[in-house]
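For B:12-32, B:39-57, B:63-85, B:97-120, B:149-167, B:195-215, B:246-266, B:278-295, the entry in TrEMBL reads transmembrane segment.
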Amino acid sequence: MPLLEVEDLRVAYGKIEAVKGISFSVEAGQVVTLIGTNGAGKTTTLRTLSGLLKPLAGKITFDGEVINDMGAHKIVAKGLAHSPEGRRIFPRLTIAENLQLGAFLRKDASGIQRDIERAYTLFPILGERRGQAAGTLSGGEQQMLAMGRALMSQPKLLMLDEPSMGLSPIMMQRIMETITELKAQGTTILLVEQNAQAALSLADHGHVMEIGTIALSGTGQELMHDESVRKAYLGED
Amino acid sequence: MNDLPQQLASGLILGAMYGLIAIGYTMVYGIVQLINFAHGEIVMFGAFGGLTAWLLLPQGTALTLALPLMLVMAVGVSVLVGIGAERFAYRPLRNAPRLAPLITAIGLSIMLQQLIWSFYPDAKKARSFPQFSGESVQLLGANVQRGELFLLIAAPICMIALGFFVAKTRTGRAMQATSQDPDTAKLMGINTDRIIVTAFAIGAAFGGVAAIAYGLKYGQIDFKIGFILGLKAFTAAVLGGIGNIYGAMVGGVVLGLAESLATAYIEHIPGMELFGGGAWKNVWAFVLLILVLLVRPQGLLGERVADRA
Ligand SMILES: Nc1ncnc2c1ncn2[C@@H]1O[C@H](COP(=O)(O)OP(=O)(O)OP(=O)(O)O)[C@@H](O)[C@H]1O
Ligand SMILES: [Mg+2]
(Lines of atoms letter the chains of each structure in order from A and count residues from 1; the text may use other names and numbers.)
(Lines give C-alpha, C1' and ligand atoms only; values in the text may rest on other atoms or scores of the structure.)
(Ligands and ions follow the chains in the order given, each with its own letter.)
Protein backbone atom coordinates (compact mmCIF):
# COMPACT_ATOMS: atom_id res chain seq x y z
CA MET A 1 0.00 0.00 0.00
CA PRO A 2 1.42 3.41 -0.91
CA LEU A 3 2.19 5.89 1.87
CA LEU A 4 0.04 8.52 0.19
CA GLU A 5 -2.77 7.80 -2.20
CA VAL A 6 -4.77 10.53 -3.91
CA GLU A 7 -7.89 9.42 -5.77
CA ASP A 8 -9.89 11.67 -8.06
CA LEU A 9 -9.19 14.74 -5.93
CA ARG A 10 -11.17 17.87 -6.71
CA VAL A 11 -10.66 21.22 -5.01
CA ALA A 12 -12.45 24.50 -5.63
CA TYR A 13 -12.13 28.12 -4.53
CA GLY A 14 -15.77 29.12 -4.36
CA LYS A 15 -17.12 28.18 -7.75
CA ILE A 16 -13.78 27.97 -9.50
CA GLU A 17 -12.41 24.47 -9.60
CA ALA A 18 -8.62 24.60 -9.35
CA VAL A 19 -8.02 20.85 -9.14
CA LYS A 20 -10.32 18.82 -11.34
CA GLY A 21 -9.94 15.18 -10.41
CA ILE A 22 -6.34 14.07 -10.07
CA SER A 23 -5.00 10.72 -8.88
CA PHE A 24 -1.48 9.75 -7.95
CA SER A 25 0.38 8.00 -5.19
CA VAL A 26 3.67 8.15 -3.33
CA GLU A 27 5.41 5.01 -2.09
CA ALA A 28 7.54 5.15 1.04
CA GLY A 29 11.12 6.04 0.16
CA GLN A 30 10.22 7.61 -3.18
CA VAL A 31 10.63 11.12 -4.46
CA VAL A 32 7.62 12.11 -6.52
CA THR A 33 7.40 15.43 -8.29
CA LEU A 34 4.53 17.52 -9.58
CA ILE A 35 5.56 19.92 -12.30
CA GLY A 36 3.49 22.29 -14.38
CA THR A 37 2.94 25.87 -15.40
CA ASN A 38 1.75 28.72 -13.20
CA GLY A 39 -1.76 28.19 -11.95
CA ALA A 40 -1.84 24.48 -12.79
CA GLY A 41 -3.04 23.64 -9.28
CA LYS A 42 0.12 22.29 -7.67
CA THR A 43 0.00 24.47 -4.57
CA THR A 44 -3.72 23.89 -4.24
CA THR A 45 -3.04 20.15 -4.24
CA LEU A 46 -0.41 20.35 -1.51
CA ARG A 47 -2.53 22.67 0.65
CA THR A 48 -5.39 20.20 0.39
CA LEU A 49 -3.17 17.27 1.32
CA SER A 50 -2.00 19.07 4.45
CA GLY A 51 -5.55 20.01 5.44
CA LEU A 52 -5.42 23.77 4.87
CA LEU A 53 -8.04 23.39 2.14
CA LYS A 54 -10.94 20.97 2.15
CA PRO A 55 -11.47 18.80 -0.92
CA LEU A 56 -14.66 19.10 -2.92
CA ALA A 57 -14.54 15.41 -3.75
CA GLY A 58 -12.16 12.50 -3.91
CA LYS A 59 -10.18 10.58 -1.35
CA ILE A 60 -6.83 11.18 0.29
CA THR A 61 -5.36 8.23 2.14
CA PHE A 62 -2.21 8.78 4.15
CA ASP A 63 -0.47 6.02 6.05
CA GLY A 64 -3.57 3.83 5.91
CA GLU A 65 -6.09 6.46 7.02
CA VAL A 66 -8.44 8.69 5.04
CA ILE A 67 -7.49 12.26 5.96
CA ASN A 68 -10.03 14.22 3.88
CA ASP A 69 -11.75 15.78 6.86
CA MET A 70 -8.87 15.84 9.29
CA GLY A 71 -7.74 19.20 10.72
CA ALA A 72 -4.37 20.45 9.48
CA HIS A 73 -2.75 20.15 12.92
CA LYS A 74 -3.82 16.50 13.16
CA ILE A 75 -2.43 15.68 9.73
CA VAL A 76 0.98 16.97 10.82
CA ALA A 77 0.73 14.72 13.82
CA LYS A 78 0.21 11.77 11.49
CA GLY A 79 3.55 12.49 9.84
CA LEU A 80 2.83 14.68 6.85
CA ALA A 81 5.00 17.83 6.81
CA HIS A 82 4.53 20.71 4.40
CA SER A 83 7.12 23.32 3.56
CA PRO A 84 4.84 25.88 1.93
CA GLU A 85 5.25 27.98 -1.17
CA GLY A 86 7.01 31.24 -0.41
CA ARG A 87 8.82 29.64 2.59
CA ARG A 88 6.53 31.28 5.17
CA ILE A 89 9.02 31.29 8.01
CA PHE A 90 7.93 33.17 11.14
CA PRO A 91 9.78 36.44 10.52
CA ARG A 92 9.80 37.87 14.05
CA LEU A 93 10.83 34.64 15.75
CA THR A 94 14.44 33.57 15.83
CA ILE A 95 15.85 30.80 13.68
CA ALA A 96 16.06 28.51 16.70
CA GLU A 97 12.45 29.29 17.64
CA ASN A 98 11.31 28.55 14.08
CA LEU A 99 12.98 25.15 14.26
CA GLN A 100 11.48 24.46 17.67
CA LEU A 101 8.04 25.24 16.26
CA GLY A 102 8.66 22.61 13.61
CA ALA A 103 8.89 20.15 16.50
CA PHE A 104 5.80 21.58 18.20
CA LEU A 105 4.10 18.20 18.60
CA ARG A 106 7.15 16.34 19.83
CA LYS A 107 7.74 15.74 23.49
CA ASP A 108 11.31 14.35 23.43
CA ALA A 109 13.33 17.43 24.44
CA SER A 110 16.69 15.76 23.91
CA GLY A 111 15.66 14.38 20.53
CA ILE A 112 14.46 17.82 19.49
CA GLN A 113 17.78 19.34 20.51
CA ARG A 114 19.65 16.66 18.57
CA ASP A 115 17.57 17.32 15.45
CA ILE A 116 18.09 21.07 15.74
CA GLU A 117 21.82 20.41 15.82
CA ARG A 118 21.36 18.19 12.77
CA ALA A 119 19.62 21.01 10.94
CA TYR A 120 22.57 23.25 11.82
CA THR A 121 24.92 20.63 10.38
CA LEU A 122 22.84 20.38 7.23
CA PHE A 123 22.66 24.19 6.95
CA PRO A 124 25.58 25.72 8.87
CA ILE A 125 24.39 29.28 8.21
CA LEU A 126 21.32 28.58 10.34
CA GLY A 127 23.51 27.54 13.24
CA GLU A 128 25.65 30.65 12.96
CA ARG A 129 22.61 32.91 13.08
CA ARG A 130 20.36 30.85 15.37
CA GLY A 131 19.53 33.76 17.68
CA GLN A 132 18.60 36.17 14.90
CA ALA A 133 15.07 36.99 13.74
CA ALA A 134 14.29 34.72 10.81
CA GLY A 135 13.03 37.67 8.78
CA THR A 136 16.62 38.89 8.46
CA LEU A 137 17.70 35.81 6.47
CA SER A 138 18.12 35.94 2.69
CA GLY A 139 15.60 34.14 0.49
CA GLY A 140 17.81 31.09 0.10
CA GLU A 141 18.55 30.94 3.80
CA GLN A 142 14.86 31.25 4.56
CA GLN A 143 14.26 28.29 2.27
CA MET A 144 16.81 26.27 4.21
CA LEU A 145 15.05 27.23 7.41
CA ALA A 146 11.66 26.27 5.99
CA MET A 147 12.98 22.85 4.98
CA GLY A 148 14.78 22.37 8.27
CA ARG A 149 11.64 23.36 10.13
CA ALA A 150 9.51 20.88 8.16
CA LEU A 151 12.01 18.10 8.93
CA MET A 152 11.81 18.85 12.66
CA SER A 153 8.49 17.01 12.88
CA GLN A 154 10.23 13.79 11.78
CA PRO A 155 7.76 13.39 8.91
CA LYS A 156 6.95 10.20 7.09
CA LEU A 157 6.33 12.35 4.02
CA LEU A 158 7.89 15.72 3.32
CA MET A 159 6.07 18.02 0.88
CA LEU A 160 8.12 20.83 -0.61
CA ASP A 161 6.40 23.56 -2.62
CA GLU A 162 8.81 25.22 -5.04
CA PRO A 163 11.87 25.22 -2.81
CA SER A 164 13.97 26.80 -5.56
CA MET A 165 11.59 29.67 -6.28
CA GLY A 166 13.31 33.02 -6.56
CA LEU A 167 16.76 31.70 -5.71
CA SER A 168 20.07 32.40 -7.40
CA PRO A 169 21.44 29.51 -9.52
CA ILE A 170 24.01 28.69 -6.84
CA MET A 171 21.44 28.69 -4.08
CA MET A 172 19.08 26.66 -6.23
CA GLN A 173 21.77 24.06 -6.74
CA ARG A 174 22.47 23.99 -3.03
CA ILE A 175 18.79 23.31 -2.29
CA MET A 176 18.59 20.58 -4.92
CA GLU A 177 21.68 18.93 -3.48
CA THR A 178 20.03 18.96 -0.09
CA ILE A 179 16.95 17.25 -1.50
CA THR A 180 19.18 14.64 -3.11
CA GLU A 181 20.86 14.14 0.25
CA LEU A 182 17.51 13.75 2.01
CA LYS A 183 16.47 11.23 -0.64
CA ALA A 184 19.65 9.26 -0.08
CA GLN A 185 18.82 9.14 3.63
CA GLY A 186 15.49 7.55 2.71
CA THR A 187 13.18 10.54 3.20
CA THR A 188 9.93 10.27 1.23
CA ILE A 189 9.35 13.50 -0.65
CA LEU A 190 6.56 15.04 -2.70
CA LEU A 191 8.25 17.85 -4.60
CA VAL A 192 6.49 20.64 -6.47
CA GLU A 193 8.84 22.48 -8.80
CA GLN A 194 8.92 24.89 -11.71
CA ASN A 195 12.52 23.91 -12.28
CA ALA A 196 11.45 20.74 -14.10
CA GLN A 197 14.93 19.71 -15.16
CA ALA A 198 16.22 19.55 -11.61
CA ALA A 199 13.07 18.00 -10.20
CA LEU A 200 12.78 15.25 -12.80
CA SER A 201 16.44 14.33 -12.59
CA LEU A 202 16.10 13.33 -8.96
CA ALA A 203 12.49 12.07 -8.93
CA ASP A 204 11.42 8.44 -9.10
CA HIS A 205 8.07 9.49 -10.51
CA GLY A 206 6.73 12.67 -11.98
CA HIS A 207 3.35 14.08 -12.94
CA VAL A 208 2.80 16.98 -15.26
CA MET A 209 -0.13 19.16 -14.16
CA GLU A 210 -2.05 21.34 -16.56
CA ILE A 211 -4.98 23.52 -15.48
CA GLY A 212 -6.18 21.26 -12.72
CA THR A 213 -5.51 17.87 -14.24
CA ILE A 214 -2.60 15.51 -14.60
CA ALA A 215 -1.69 15.56 -18.28
CA LEU A 216 1.19 13.14 -18.20
CA SER A 217 2.85 10.77 -15.76
CA GLY A 218 5.97 8.65 -15.82
CA THR A 219 9.30 8.02 -14.19
CA GLY A 220 11.58 11.02 -13.87
CA GLN A 221 13.74 9.73 -16.70
CA GLU A 222 10.78 9.05 -19.02
CA LEU A 223 9.38 12.52 -18.56
CA MET A 224 12.76 14.12 -18.98
CA HIS A 225 13.03 12.49 -22.39
CA ASP A 226 9.42 13.05 -23.39
CA GLU A 227 9.22 15.40 -26.31
CA SER A 228 6.22 17.43 -25.16
CA VAL A 229 7.73 17.88 -21.71
CA ARG A 230 11.02 18.96 -23.20
CA LYS A 231 9.21 21.53 -25.31
CA ALA A 232 6.93 22.88 -22.63
CA TYR A 233 9.06 22.74 -19.52
CA LEU A 234 12.68 22.25 -20.37
CA GLY A 235 12.92 25.22 -22.69
CA GLU A 236 13.66 23.32 -25.90
CA ASP A 237 12.07 23.71 -29.27
CA MET B 1 1.75 73.06 39.45
CA ASN B 2 2.54 71.82 42.95
CA ASP B 3 -0.09 69.11 42.59
CA LEU B 4 1.87 67.55 39.73
CA PRO B 5 2.78 64.36 41.65
CA GLN B 6 -0.89 63.90 42.44
CA GLN B 7 -1.92 64.34 38.82
CA LEU B 8 0.78 61.95 37.64
CA ALA B 9 -0.33 59.35 40.15
CA SER B 10 -3.98 59.69 39.12
CA GLY B 11 -3.02 59.42 35.48
CA LEU B 12 -0.89 56.37 36.10
CA ILE B 13 -3.66 54.61 38.01
CA LEU B 14 -6.25 55.39 35.39
CA GLY B 15 -3.79 54.37 32.68
CA ALA B 16 -3.00 51.04 34.33
CA MET B 17 -6.73 50.26 34.27
CA TYR B 18 -7.07 51.23 30.62
CA GLY B 19 -3.96 49.18 29.86
CA LEU B 20 -5.32 46.03 31.50
CA ILE B 21 -8.49 46.30 29.45
CA ALA B 22 -6.57 47.21 26.30
CA ILE B 23 -4.77 43.86 26.54
CA GLY B 24 -8.09 42.23 25.68
CA TYR B 25 -8.42 44.18 22.43
CA THR B 26 -4.83 43.74 21.45
CA MET B 27 -4.51 40.00 22.16
CA VAL B 28 -7.56 39.17 20.10
CA TYR B 29 -6.61 41.56 17.32
CA GLY B 30 -3.08 40.17 17.24
CA ILE B 31 -4.37 36.66 16.62
CA VAL B 32 -7.49 37.07 14.47
CA GLN B 33 -7.43 40.74 13.33
CA LEU B 34 -10.79 41.25 14.94
CA ILE B 35 -11.82 44.17 17.14
CA ASN B 36 -13.92 42.62 19.86
CA PHE B 37 -16.09 45.63 20.57
CA ALA B 38 -17.99 43.63 23.16
CA HIS B 39 -14.87 43.55 25.35
CA GLY B 40 -16.07 46.51 27.43
CA GLU B 41 -19.18 44.52 28.31
CA ILE B 42 -17.03 41.51 29.18
CA VAL B 43 -15.35 43.77 31.73
CA MET B 44 -18.74 45.00 32.94
CA PHE B 45 -19.88 41.40 33.47
CA GLY B 46 -16.72 40.80 35.46
CA ALA B 47 -17.59 43.74 37.70
CA PHE B 48 -21.03 42.28 38.38
CA GLY B 49 -19.42 38.89 38.97
CA GLY B 50 -17.19 40.45 41.60
CA LEU B 51 -20.12 42.23 43.19
CA THR B 52 -22.08 38.98 43.29
CA ALA B 53 -19.28 37.28 45.17
CA TRP B 54 -19.31 40.12 47.71
CA LEU B 55 -23.08 39.88 48.14
CA LEU B 56 -22.94 36.13 48.64
CA LEU B 57 -20.44 36.43 51.48
CA PRO B 58 -21.76 36.86 55.00
CA GLN B 59 -22.36 40.49 55.93
CA GLY B 60 -19.45 42.07 57.68
CA THR B 61 -16.76 40.07 55.92
CA ALA B 62 -13.56 42.10 55.70
CA LEU B 63 -12.99 43.35 52.16
CA THR B 64 -9.37 42.23 52.28
CA LEU B 65 -10.55 38.69 52.88
CA ALA B 66 -13.32 38.92 50.33
CA LEU B 67 -11.12 40.37 47.61
CA PRO B 68 -9.51 37.10 46.42
CA LEU B 69 -12.92 35.50 46.02
CA MET B 70 -14.32 38.56 44.26
CA LEU B 71 -11.34 38.51 41.95
CA VAL B 72 -11.82 34.85 41.13
CA MET B 73 -15.51 35.43 40.40
CA ALA B 74 -14.85 38.51 38.27
CA VAL B 75 -12.16 36.78 36.26
CA GLY B 76 -14.25 33.63 35.98
CA VAL B 77 -17.34 35.44 34.73
CA SER B 78 -15.35 37.56 32.27
CA VAL B 79 -13.54 34.52 30.91
CA LEU B 80 -16.80 32.60 30.49
CA VAL B 81 -18.40 35.48 28.61
CA GLY B 82 -15.25 35.99 26.53
CA ILE B 83 -15.01 32.33 25.56
CA GLY B 84 -18.74 32.22 24.88
CA ALA B 85 -18.47 35.26 22.62
CA GLU B 86 -15.67 33.63 20.65
CA ARG B 87 -17.39 30.29 20.38
CA PHE B 88 -20.90 31.38 19.51
CA ALA B 89 -20.61 34.89 18.06
CA TYR B 90 -17.25 35.16 16.31
CA ARG B 91 -16.16 31.64 15.34
CA PRO B 92 -19.10 31.07 12.98
CA LEU B 93 -18.05 34.28 11.21
CA ARG B 94 -14.34 33.43 10.95
CA ASN B 95 -14.42 33.52 7.15
CA ALA B 96 -17.14 36.13 6.75
CA PRO B 97 -16.48 39.67 5.47
CA ARG B 98 -14.93 41.89 8.14
CA LEU B 99 -18.05 43.92 8.67
CA ALA B 100 -20.01 40.89 9.90
CA PRO B 101 -18.10 40.28 13.16
CA LEU B 102 -18.05 44.03 13.78
CA ILE B 103 -21.82 44.28 13.62
CA THR B 104 -22.08 41.12 15.69
CA ALA B 105 -19.84 42.70 18.32
CA ILE B 106 -22.09 45.73 18.59
CA GLY B 107 -25.14 43.51 18.87
CA LEU B 108 -23.42 41.41 21.51
CA SER B 109 -22.56 44.56 23.51
CA ILE B 110 -26.15 45.67 23.56
CA MET B 111 -27.33 42.19 24.47
CA LEU B 112 -24.90 41.90 27.37
CA GLN B 113 -25.89 45.31 28.71
CA GLN B 114 -29.56 44.43 28.48
CA LEU B 115 -29.02 41.09 30.24
CA ILE B 116 -27.64 42.87 33.30
CA TRP B 117 -30.24 45.63 33.10
CA SER B 118 -33.07 43.13 32.90
CA PHE B 119 -31.99 40.36 35.21
CA TYR B 120 -29.45 41.56 37.75
CA PRO B 121 -31.25 42.64 40.91
CA ASP B 122 -31.59 46.42 41.18
CA ALA B 123 -29.24 46.98 38.29
CA LYS B 124 -31.39 49.53 36.50
CA LYS B 125 -29.47 52.09 38.53
CA ALA B 126 -25.88 52.00 39.70
CA ARG B 127 -25.07 49.49 42.44
CA SER B 128 -22.54 50.32 45.05
CA PHE B 129 -19.33 48.37 45.18
CA PRO B 130 -17.56 47.61 48.46
CA GLN B 131 -14.93 50.15 49.46
CA PHE B 132 -11.77 49.96 51.51
CA SER B 133 -12.16 52.10 54.57
CA GLY B 134 -9.29 54.03 56.02
CA GLU B 135 -7.02 56.84 55.06
CA SER B 136 -5.42 57.17 51.67
CA VAL B 137 -1.76 56.28 51.42
CA GLN B 138 1.13 58.67 50.72
CA LEU B 139 3.20 57.53 47.75
CA LEU B 140 5.96 59.76 46.36
CA GLY B 141 4.10 62.91 47.29
CA ALA B 142 0.73 61.76 46.03
CA ASN B 143 -2.37 60.56 47.83
CA VAL B 144 -3.41 57.15 46.63
CA GLN B 145 -6.76 55.69 47.71
CA ARG B 146 -6.57 52.22 49.19
CA GLY B 147 -8.76 50.83 46.45
CA GLU B 148 -6.37 52.21 43.86
CA LEU B 149 -3.44 50.43 45.45
CA PHE B 150 -4.96 47.18 44.21
CA LEU B 151 -4.46 48.36 40.64
CA LEU B 152 -0.90 49.51 41.24
CA ILE B 153 -0.07 46.01 42.46
CA ALA B 154 -2.20 43.93 40.12
CA ALA B 155 -1.35 45.63 36.82
CA PRO B 156 2.44 45.06 36.92
CA ILE B 157 1.96 41.47 38.11
CA CYS B 158 -0.43 40.76 35.25
CA MET B 159 1.87 42.34 32.68
CA ILE B 160 4.96 40.48 33.86
CA ALA B 161 3.06 37.20 33.91
CA LEU B 162 1.74 37.79 30.40
CA GLY B 163 5.15 38.77 29.06
CA PHE B 164 6.62 35.58 30.49
CA PHE B 165 3.76 33.47 29.17
CA VAL B 166 4.02 34.77 25.62
CA ALA B 167 7.80 34.68 25.40
CA LYS B 168 8.64 31.53 27.32
CA THR B 169 5.87 28.97 27.27
CA ARG B 170 4.97 26.52 24.53
CA THR B 171 1.47 27.97 24.19
CA GLY B 172 2.90 31.49 24.15
CA ARG B 173 5.23 30.55 21.33
CA ALA B 174 2.31 28.99 19.45
CA MET B 175 0.43 32.22 20.00
CA GLN B 176 3.21 34.27 18.41
CA ALA B 177 3.35 31.87 15.48
CA THR B 178 -0.42 32.02 14.98
CA SER B 179 -0.34 35.80 15.06
CA GLN B 180 2.45 35.98 12.47
CA ASP B 181 1.07 33.39 10.05
CA PRO B 182 -1.98 31.32 11.04
CA ASP B 183 -1.90 28.85 8.13
CA THR B 184 1.75 28.05 8.65
CA ALA B 185 1.11 27.74 12.38
CA LYS B 186 -1.36 24.96 11.54
CA LEU B 187 1.35 23.26 9.50
CA MET B 188 3.46 23.14 12.66
CA GLY B 189 0.70 21.14 14.33
CA ILE B 190 -0.70 24.07 16.28
CA ASN B 191 -4.42 23.88 16.97
CA THR B 192 -5.11 27.50 16.07
CA ASP B 193 -8.73 27.31 17.27
CA ARG B 194 -7.42 26.62 20.74
CA ILE B 195 -4.94 29.48 20.48
CA ILE B 196 -7.75 31.86 19.52
CA VAL B 197 -9.82 30.75 22.53
CA THR B 198 -6.77 31.23 24.75
CA ALA B 199 -6.31 34.79 23.46
CA PHE B 200 -9.95 35.60 24.22
CA ALA B 201 -9.66 34.00 27.65
CA ILE B 202 -6.51 35.88 28.64
CA GLY B 203 -7.93 39.18 27.45
CA ALA B 204 -11.14 38.54 29.35
CA ALA B 205 -9.23 37.54 32.50
CA PHE B 206 -7.35 40.83 32.44
CA GLY B 207 -10.69 42.53 31.94
CA GLY B 208 -11.96 40.80 35.08
CA VAL B 209 -9.03 42.14 37.10
CA ALA B 210 -9.67 45.61 35.69
CA ALA B 211 -13.34 45.26 36.61
CA ILE B 212 -12.50 44.78 40.28
CA ALA B 213 -10.10 47.70 40.04
CA TYR B 214 -12.87 49.85 38.59
CA GLY B 215 -15.32 48.94 41.33
CA LEU B 216 -12.82 49.62 44.10
CA LYS B 217 -11.78 52.92 42.53
CA TYR B 218 -15.21 54.40 41.80
CA GLY B 219 -17.31 52.65 44.44
CA GLN B 220 -20.17 51.87 42.09
CA ILE B 221 -20.87 49.97 38.89
CA ASP B 222 -23.73 49.88 36.41
CA PHE B 223 -24.66 48.12 33.20
CA LYS B 224 -23.26 50.93 31.04
CA ILE B 225 -19.70 51.12 32.38
CA GLY B 226 -18.39 48.84 29.65
CA PHE B 227 -19.09 51.35 26.92
CA ILE B 228 -16.78 54.21 27.82
CA LEU B 229 -14.24 51.88 29.47
CA GLY B 230 -14.13 49.80 26.31
CA LEU B 231 -13.83 52.85 24.11
CA LYS B 232 -10.97 54.26 26.18
CA ALA B 233 -9.16 50.95 26.35
CA PHE B 234 -9.59 50.45 22.61
CA THR B 235 -8.11 53.94 22.16
CA ALA B 236 -5.21 52.92 24.40
CA ALA B 237 -4.64 49.76 22.36
CA VAL B 238 -4.57 51.69 19.09
CA LEU B 239 -2.43 54.40 20.65
CA GLY B 240 0.18 51.88 21.76
CA GLY B 241 0.03 49.87 18.54
CA ILE B 242 -2.74 47.33 18.30
CA GLY B 243 -1.50 43.74 18.39
CA ASN B 244 1.39 44.65 20.69
CA ILE B 245 0.84 43.67 24.34
CA TYR B 246 3.36 46.13 25.74
CA GLY B 247 1.90 48.77 23.46
CA ALA B 248 -1.45 48.26 25.15
CA MET B 249 0.01 49.07 28.57
CA VAL B 250 2.06 51.99 27.25
CA GLY B 251 -0.97 53.31 25.37
CA GLY B 252 -3.08 52.97 28.50
CA VAL B 253 -0.63 54.86 30.68
CA VAL B 254 -0.09 57.60 28.08
CA LEU B 255 -3.84 57.99 27.73
CA GLY B 256 -4.41 58.03 31.49
CA LEU B 257 -1.69 60.63 32.02
CA ALA B 258 -2.98 62.76 29.16
CA GLU B 259 -6.49 62.76 30.59
CA SER B 260 -5.36 63.57 34.06
CA LEU B 261 -2.92 66.30 33.05
CA ALA B 262 -5.29 67.85 30.52
CA THR B 263 -8.06 67.96 33.09
CA ALA B 264 -5.80 69.67 35.59
CA TYR B 265 -3.76 72.08 33.52
CA ILE B 266 -5.29 72.92 30.16
CA GLU B 267 -7.49 75.62 31.67
CA HIS B 268 -4.38 77.44 32.87
CA ILE B 269 -3.08 77.84 29.34
CA PRO B 270 -4.02 81.37 28.20
CA GLY B 271 -6.92 81.20 25.78
CA MET B 272 -7.85 77.65 26.78
CA GLU B 273 -9.83 78.58 29.90
CA LEU B 274 -12.99 77.05 28.49
CA PHE B 275 -11.50 73.65 27.72
CA GLY B 276 -10.24 72.55 31.11
CA GLY B 277 -11.80 70.37 33.78
CA GLY B 278 -13.23 66.89 33.70
CA ALA B 279 -15.91 67.66 31.15
CA TRP B 280 -13.33 67.85 28.39
CA LYS B 281 -11.15 64.90 29.35
CA ASN B 282 -12.67 62.49 26.82
CA VAL B 283 -12.18 65.05 24.10
CA TRP B 284 -8.50 65.38 24.95
CA ALA B 285 -8.13 61.61 24.99
CA PHE B 286 -9.35 61.36 21.41
CA VAL B 287 -7.43 64.44 20.28
CA LEU B 288 -4.32 62.67 21.52
CA LEU B 289 -5.26 59.54 19.62
CA ILE B 290 -5.73 61.49 16.39
CA LEU B 291 -2.44 63.33 16.84
CA VAL B 292 -0.48 60.15 17.48
CA LEU B 293 -2.06 58.35 14.55
CA LEU B 294 -1.25 61.28 12.25
CA VAL B 295 2.42 60.96 13.11
CA ARG B 296 2.65 57.21 13.74
CA PRO B 297 -0.23 55.33 12.11
CA GLN B 298 1.09 52.07 13.55
CA GLY B 299 0.81 53.43 17.10
CA LEU B 300 3.53 54.19 19.64
CA LEU B 301 5.13 50.74 19.83
CA GLY B 302 3.45 49.74 16.57
CA GLU B 303 3.29 46.29 15.14
CA ARG B 304 5.36 46.02 12.01
CA VAL B 305 2.53 45.10 9.72
CA ALA B 306 4.77 44.99 6.66
CA ASP B 307 6.44 41.70 7.52
CA ARG B 308 3.19 39.95 8.29
CA ALA B 309 3.31 37.05 5.85
N1 LIG C 1 -7.00 31.72 -2.64
C2 LIG C 1 -7.41 31.55 -3.92
N3 LIG C 1 -8.63 32.01 -4.29
C4 LIG C 1 -9.09 31.84 -5.56
N5 LIG C 1 -8.39 31.23 -6.51
C6 LIG C 1 -7.18 30.75 -6.21
C7 LIG C 1 -6.62 30.90 -4.91
N8 LIG C 1 -5.40 30.33 -4.88
C9 LIG C 1 -5.20 29.87 -6.13
N10 LIG C 1 -6.25 30.11 -6.93
C11 LIG C 1 -6.39 29.71 -8.34
O12 LIG C 1 -6.31 28.31 -8.44
C13 LIG C 1 -5.55 27.94 -9.56
C14 LIG C 1 -4.41 27.04 -9.13
O15 LIG C 1 -3.49 27.79 -8.34
P16 LIG C 1 -2.23 27.15 -7.63
O17 LIG C 1 -1.66 28.17 -6.74
O18 LIG C 1 -2.63 25.86 -7.03
O19 LIG C 1 -1.28 26.89 -8.86
P20 LIG C 1 0.25 26.43 -8.90
O21 LIG C 1 0.30 25.30 -9.80
O22 LIG C 1 0.77 26.27 -7.54
O23 LIG C 1 0.91 27.70 -9.58
P24 LIG C 1 2.38 28.34 -9.36
O25 LIG C 1 3.31 27.53 -10.13
O26 LIG C 1 2.22 29.71 -9.92
O27 LIG C 1 2.64 28.35 -7.90
C28 LIG C 1 -5.09 29.22 -10.22
O29 LIG C 1 -5.97 29.50 -11.28
C30 LIG C 1 -5.24 30.25 -9.15
O31 LIG C 1 -5.55 31.50 -9.70
MG1 LIG D 1 2.21 27.19 -6.47
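Positions of Cβ are set from backbone N, Cα and C atoms, glycine also.
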Spatial neighbours of the transmembrane segment (B:12-32) far in sequence, C-beta under 8 Å, 6+ residues away: 39-40, 42-43, 82, 90, 94, 144, 148, 151-152, 154-155, 158-159, 162, 175, 178-179, 182, 195-196, 199-200, 202-204, 206-207, 209-210, 213-214, 217, 229-230, 232-237, 240, 242-245, 247-257, 259-260, 303
Cβ contacts the transmembrane segment (B:39-57)/the transmembrane segment (B:278-295), at least three under 8 Å, sequence gap 6 or more: no
Candidate ranges B:97-120, B:149-167, B:195-215 - greatest C-beta contact count to the transmembrane segment (B:63-85) (under 8 angstroms): B:195-215
For the transmembrane segment (B:246-266): best-contacting stretch of B:97-120, B:149-167, B:195-215, by Cβ pairs under 8 Å: B:149-167
Residues from the same chain, set at least six apart from the ends of the transmembrane segment (B:97-120), whose C-beta lies under 8 A from its own: 34-38, 40-42, 44-45, 48, 81, 85, 89-90, 127, 223-224, 226-227, 230
